[in-house]
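Novice: Please see the structure below; I have some questions.
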Protein chains: 2
Amino acid sequence: MNFELLQKDPKSKARAGKITTDHGEIETPIFMPVGTAGTVKALHQRELKEDVKAEIILGNTYHLYLRPGLDVIEAAGGLHQFNGWDRPMLTDSGGYQVYSLKDRRKITEEGVKFQSHIDGSRHNFTPESVMDIQRTIGADIIMAFDECTPYPCDEKYAKNSMEMTHRWLKRCCDRFDETEPKYGYDQTLFPIVQGSTYHDLRTKSAETIASFGREGNAIGGLSVGEPAEMMYESTDLVCSILPEDKPRYLMGVGTPSNLIECIALGVDMFDCVLPTRNARHGVLYTSEGIINIKNEKWEKDFSPVDPNLAGHVDMNYSKAYLRHLIRTGEMLGAQIASIHNLSFFLWLVKEARAHILQGDFASWKNAILPKLSNRL
Amino acid sequence: MNFELLQKDPKSKARAGKITTDHGEIETPIFMPVGTAGTVKALHQRELKEDVKAEIILGNTYHLYLRPGLDVIEAAGGLHQFNGWDRPMLTDSGGYQVYSLKDRRKITEEGVKFQSHIDGSRHNFTPESVMDIQRTIGADIIMAFDECTPYPCDEKYAKNSMEMTHRWLKRCCDRFDETEPKYGYDQTLFPIVQGSTYHDLRTKSAETIASFGREGNAIGGLSVGEPAEMMYESTDLVCSILPEDKPRYLMGVGTPSNLIECIALGVDMFDCVLPTRNARHGVLYTSEGIINIKNEKWEKDFSPVDPNLAGHVDMNYSKAYLRHLIRTGEMLGAQIASIHNLSFFLWLVKEARAHILQGDFASWKNAILPKLSNRL
């Protein structure tokens with residue numbers, strides 16, 4: 001993997017760059033649609049490419065490990081072959097999902113024992129096994145096995161957890177470095193900064209993570225319920241420590257406003273289920289604001305969801321039709337809304353990138369931010 | 001509407017023809033995907049056109065009348081404008097859905113009083129109101145308001161019901177002929193033959209329906225639980241009476257084998273929810289037979305669902321991936337399977353038509369029939 005820093009914004013910490021992987025290039029800043037079980041919900045791979053113009057998508061290690069299982073993915077020749085997505089992919093480490101199991105998991109220094117949410121079967125993730133699993137899934141970028149602390153989290157727990165995450169990172173790196181990719185293309189490992197909302201812990205974690213000298217770095221444990229201002233503070237702090245010449249990935253973030261604010265703090269990569277999950281409930285993000293399509297005011301509005309987007313769903317379907325589909329629970333409603341929201345998220349980061357490159361990001365940001373959270 | 005009979009098969013009653021409407025041409029025999037609530041479930045209109053190659057789709061009067069409601073459809077300028085489907089459309093009369101309500105409807109000579117399955121609200125369909133509703137929905141082909149009898153049905157009930165359907169047809173025609181289309185393009189009304197499985201009633205009904213001299217005719221009340229042989233007998237009988245120079249539409253039929261058998265009896269048009277409904281449950285129709293994709297045998301089968309189909313879903317997704325999606329309940333599974341099944345149904349009628357035109361339909365039929373019901 002290669003990262004090229006192309007331009008820094010003069011009035012903020014925003015940057016435009018380019019990541020090159022064996023499956024192609026990613027222009028940063030970028031938003032990565034989440035494809036939990038090897039599918040971005042309700043979208044064909046063709047639509048992700050041609051309509052959304054996604055450059056990289058995510059897969060979830062926990063879900064893929066359980067279903068279809070590693071033997072199927074390996075027999076297919078990796079996840080790219082299995083699902084037909086031939087551009088870059090990133091997998092999380094499964095940690096976040098495992099911790100969400102709450103009563104069905106136990107964390108020790110060795111790793112995490114957990115029960116499947118599907119059939120209650122017992123499994124064991126360790127830093128080493130998670131590296132092996134991600135080698136088998138075969139994403140271009142894989143994530144270290146960390147503990148994602150909840151919010152709020154007492155300082156002692158946060159400190160102990162962070163230190164364990166750092167020890168686990170050492171084990172992840174050792175295992176990763178002594179193994180080879182399985183399918184003839186390169187993989188790279190991103191470590192994850194933790195430390196909850198404590199500035200001294202975040203500082204310590206960012207310094208430790210940076211010292212591993214991997215090809216990219218991630219910020220975890222944010223967007224877990226803390227106020228947005230706290231998330232921005234931690235992100236700003238961590239970005240100031242992480243090396244400038246490597247991409248920075250803020251995990252699980254966020255709303256359109258969050259993206260723009262965090263791009264301004266120096267983040268290059270984002271992922272979030274928000275655009276697809278909210279789409280299924282009829283919440284649409286547009287260049288003029290947020291639409292709840294279930295509202296009666298859209299009943300006879302035959303204009304497009306977002307006249308500023310040129311994709312096929314915005315060209316061919318009206319708000320009134322989409323409202324009808326969402327209200328009647330028709331699958332096409334979720335399909336249209338998901339394509340729209342992801343297209344908008346990708347449009348937004350592309351716009352941000354264009355304004356960074358032409359040097360007027362700060363003024364563009366000030367102009368667009370009020371619109372992004374405007375309720376239409 | 002215009003119907004041109006292009007070719008008759010020398011060894012069966014199969015025919016190839018062409019229907020011309022103000023929204024374009026339909027090559028017969030044709031299968032019409034069902035778009036109950038103004039959407040063929042899980043398919044974008046673009047996919048219906050470019051992948052499935054649908055030439056005409058159905059809408060359901062009952063569902064569209066309840067949601068989004070006539071005021072919305074009329075404000076949009078008709079269903080074509082509302083859902084963005086610019087090719088021909090056909091609406092049923094709502095009768096079939098209303099009778100399915102069982103305890104929530106009452107049939108009298110005047111019409112049917114029923115309660116909405118959504119909110120229990122009370123409504124009234126008459127032959128006249130159903131014509132007005134279908135004028136407002138704006139399909140190219142609209143259906144008479146009939147009573148669809150169940151199977152089995154005692155002869156007395158079948159006879160009385162059929163006679164009422166004939167009286168209702170007169171009222172439908174009167175209302176239709178004294179009203180104008182609302183959106184500047186032509187509409188045509190198809191009457192429906194009833195008579196349950198009684199040959200004398202079917203004969204009487206076919207003669208009566210034919211005597212109205214409409215531009216096309218439909219056969220209703222079949223595929224409601226009777227054995228396939230009984231359906232073929234009634235269809236054969238009715239086709240022998242209905243005029244040759246007008247299209248014949250067999251409502252609610254059926255499996256791929258049903259289609260081929262009934263094309264051989266002289267049917268030109270079909271509709272059925274089978275390909276889309278079964279798709280959502282993982283049942284796939286292919287040129288080699290029927291696949292239950294949930295079966296373990298497909299777990300590591302990375303070949304396409306049907307190598308003889310050239311559409312994007314068969315080119316880009318494997319059986320193993322589709323199996324994974326259907327098993328995990330991912331929407332993309334239903335989407336892929338629905339596109340596949342509809343593509344196959346359209347491929348099948350196109351093949352039938354090509355063989356009618358080149359004069360070898362009968363031998364092609366004999367070769368393909370065993371494959372169509374083969375369980376893979």
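FYI, residue positions are counted from 1 along the chain as it appears here.
For all residues, glycine too, the Cβ spot is worked out from N, Cα and C.
Note: TrEMBL annotation is automatic and uncurated.
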Novice: Report the candidate from A:Asp9, A:Asp22, A:Asp146, A:Asp301 that shares the substrate site with A:Asp92, A:Ser93, A:Gly94, A:Gly95, A:Tyr96, A:Gln194, A:Gly221, as recorded in TrEMBL.
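Specialist: Looking at A:Asp9, A:Asp22, A:Asp146, A:Asp301, the one TrEMBL places in the substrate site next to A:Asp92, A:Ser93, A:Gly94, A:Gly95, A:Tyr96, A:Gln194, A:Gly221 is A:Asp146.
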Novice: I'm validating the feature mapping. Which of A:119-125, A:252-258, A:294-300 is tagged region 'RNA binding' in TrEMBL?
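Specialist: Among A:119-125, A:252-258, A:294-300, the range TrEMBL annotates as region 'RNA binding' is A:252-258.
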Novice: Of A:176-180, A:196-200, A:276-280, A:286-290, which span is tagged region 'RNA binding' by TrEMBL?
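Specialist: Result: A:276-280 is the stretch TrEMBL calls region 'RNA binding'.
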Novice: Starting from the Cβ centroid of A:Asp92, A:Ser93, A:Gly94, A:Gly95, A:Tyr96, A:Asp146, A:Gln194, A:Gly221, which together make up the recorded substrate site, report each further residue of the same chain whose Cβ lies within 8 Å of that point, ordered by sequence.
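Specialist: Other same-chain residues with Cβ inside the cutoff are A:Tyr99, A:Met143, A:Ala144, A:Phe145, A:Glu147, A:Cys148, A:Ile192, A:Gly220, A:Met251.
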Novice: Once near-sequence residues are set aside, which residues in the chain of A:Asp92 (active site, proton acceptor), 6 or more away, have Cβ atoms under 8 Å from its Cβ?
Specialist: A:Leu58, A:Gly59, A:Asn60, A:Thr61, A:Tyr62, A:Met143, A:Met251
Novice: Write down the Cα-Cα distance for A:Asp271 (active site, nucleophile) and A:Gly221 (substrate binding site), rounded and given in Å.
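Specialist: Computed Cα spacing between A:Gly221 (substrate binding site) and A:Asp271 (active site, nucleophile) is 13 Å.
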Novice: Expressed to the nearest Å, what is the distance separating A:Gly95 (substrate binding site) and A:Asp271 (active site, nucleophile) at their Cα atoms?
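Specialist: Cα-Cα, rounded: 16 Å.
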Novice: When a 10 Å sphere is centred on the Cβ of A:Gln194 (substrate binding site), how many other Cβ atoms does it contain?
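Specialist: For A:Gln194 (substrate binding site), the count of other Cβ atoms within 10 Å is 31.
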Novice: Please list, for the region 'RNA binding' (A:252-258), how many residues fall into helix, strand and coil according to DSSP.
Specialist: 3 helix, 0 strand, 4 coil
Novice: Of all the recorded positions given, A:Asp146, A:Asp271, which has the fewest Cβ neighbours within 10 Å once its own Cβ is left out?
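Specialist: Fewest other Cβ atoms within 10 Å, among the recorded positions A:Asp146, A:Asp271, is found for A:Asp271.
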Novice: Using DSSP, what is the helix/strand/coil residue split across the region 'RNA binding' (A:276-280)?
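Specialist: Taking the region 'RNA binding' (A:276-280) as a whole: 5 helix, 0 strand, 0 coil.
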